[in-house]
Amino acid sequence: MQPYTQNWTQVTEFIMVGFAGVHEAHLLFFTLFLTMYVFTVVENVAIILVVGLDQRLRRPMYFFLTHLSCLEILYTSVTVPKMLAGLIGVDGGKNISFTGCLSQLFIFTFLGATECFLLAAMAYDRYVAICMPLRYGALVSWGTCIRLAAACWLVGFLTPTLPIYLMSQLTFCGPNIINHFFCDASPLLALSCSDVALKETVDFMVSLAVLLVSSVVIAVSYSNILWTLLHIRLAAERRKAFSTCAAHLTVVSLFYGTLFFMYVRTKVASSINFNKVVSVFYSIVTPMLNPLIYSLRNKEVKGALGRAFSLKSLKEQ
C-alpha cells in the first residue's frame, strides 16, 4: 500500500510493465507466447467443432469438454493478446484504463472460478461413469449436465462480484505502474494508497472457498476412481486407466497448485517476478495442456478427428 497524501490525484490509467527484464529477448518471448496462444485457440476450436459435428460424441463427458474448451479460449484471450501487444511495443499496448483494468480482472477471475467448478463437475462425471456405471444414465442425465454447467458459469460469474466492488472503492493515487502482464489483484493492491486489509481478507476467503470446494470434489472423485481401478483384473486395462488418471491429475495439480500459491494468502506478494512465472502456468500453460490431456489423447476424439479429415479429403478429391 502506498502512503496517501492530499496532493495526489486519482489514477485513471495504468501501465503494465509485463516482462520488462527481457528487452533483448522480447521477440523470442512474443513468438513463444503467440505460438502457445494460437495453439490453444486452434486445438480448442477443433474440439468444439468435432464434438458438435460428430453424433457419436453427443455424451455428457464431451458436453463438459466443449464448455472447458470455450472457457480456455476466453480465459487466454482476456490476457494474452494485451500482453503480446505490450511485448512488441504496439502503441498503447501497455496502457490500460482503470475501468478496463477492473473489467479484465473481473472477467479473468470469473472465467478462472468457472473453470475450477467445471473441472469439479467433470471429475464427478468420471467418478459416476467409472464407479457406478449402472446408475450413470440416471445420475448424469442431460438435464443434470445442463444444470451443472449452468451452475458452474453462474457461481463463477458471482465469485468476483464482491472483490471487484471492493477494489473499485480503493484509492489509487500513483504510481500507476503495474509490475505484471495483466491486471491481477496482488500488483494492483500494491499500488493502492488506501487501507487494503479488508480487500485482502475478502480475496483470501473467496479464493479459499472456490479452490477448496472444487479441489475437494476433484480429490474425492479421483480417490474413488483410483480405488475402483485397483480392482480391475486385467493389468493392461488397469495400466491404461491409471495413465489417463495420472495425466488428468498432473494438469489439475499444476493448475490448482499455482492458484493456491497465488491467491490463498493474505499478504500482497513481494516476489513479483516469480509471481509472473507462476501466473504464466495457470493462465497460458494449463489452458494449452488441458485439451491435449482431456480430449486429444482420447481415442474417440482422435477417431472423430480422423473421420472429419478423411471426409474432407474425399470431398476435395
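Cβ coordinates come from backbone N, Cα and C, glycine included.
Note that the coordinates shown come from a computational prediction; the quantities given were computed from them, not determined experimentally.
Going by TrEMBL, these are the annotated features:
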DOMAIN    43-294  domain 'G-protein coupled receptors family 1 profile'
TRANSMEM  27-50  transmembrane segment
TRANSMEM  62-85  transmembrane segment
TRANSMEM  105-124  transmembrane segment
TRANSMEM  136-158  transmembrane segment
TRANSMEM  204-229  transmembrane segment
TRANSMEM  241-264  transmembrane segment
TRANSMEM  276-296  transmembrane segment
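The listed stretches are 62-85, 105-124, 136-158, 204-229; of these, 62-85 has the most Cβ pairs under 8 Å to the transmembrane segment (276-296). When averaged over the domain 'G-protein coupled receptors family 1 profile' (43-294), pLDDT in the model lands at 88. Within its own chain, the transmembrane segment (241-264) has Cβ neighbours under 8 Å at 112, 115-116, 119, 130, 184-186, 203-204, 207-208, 211, 215, 218, 222, 225-226, 229, 232, 275, 278-279, 281-282, 285-286, 289-290, 293-294, 297, counting only residues six or more beyond its boundaries.
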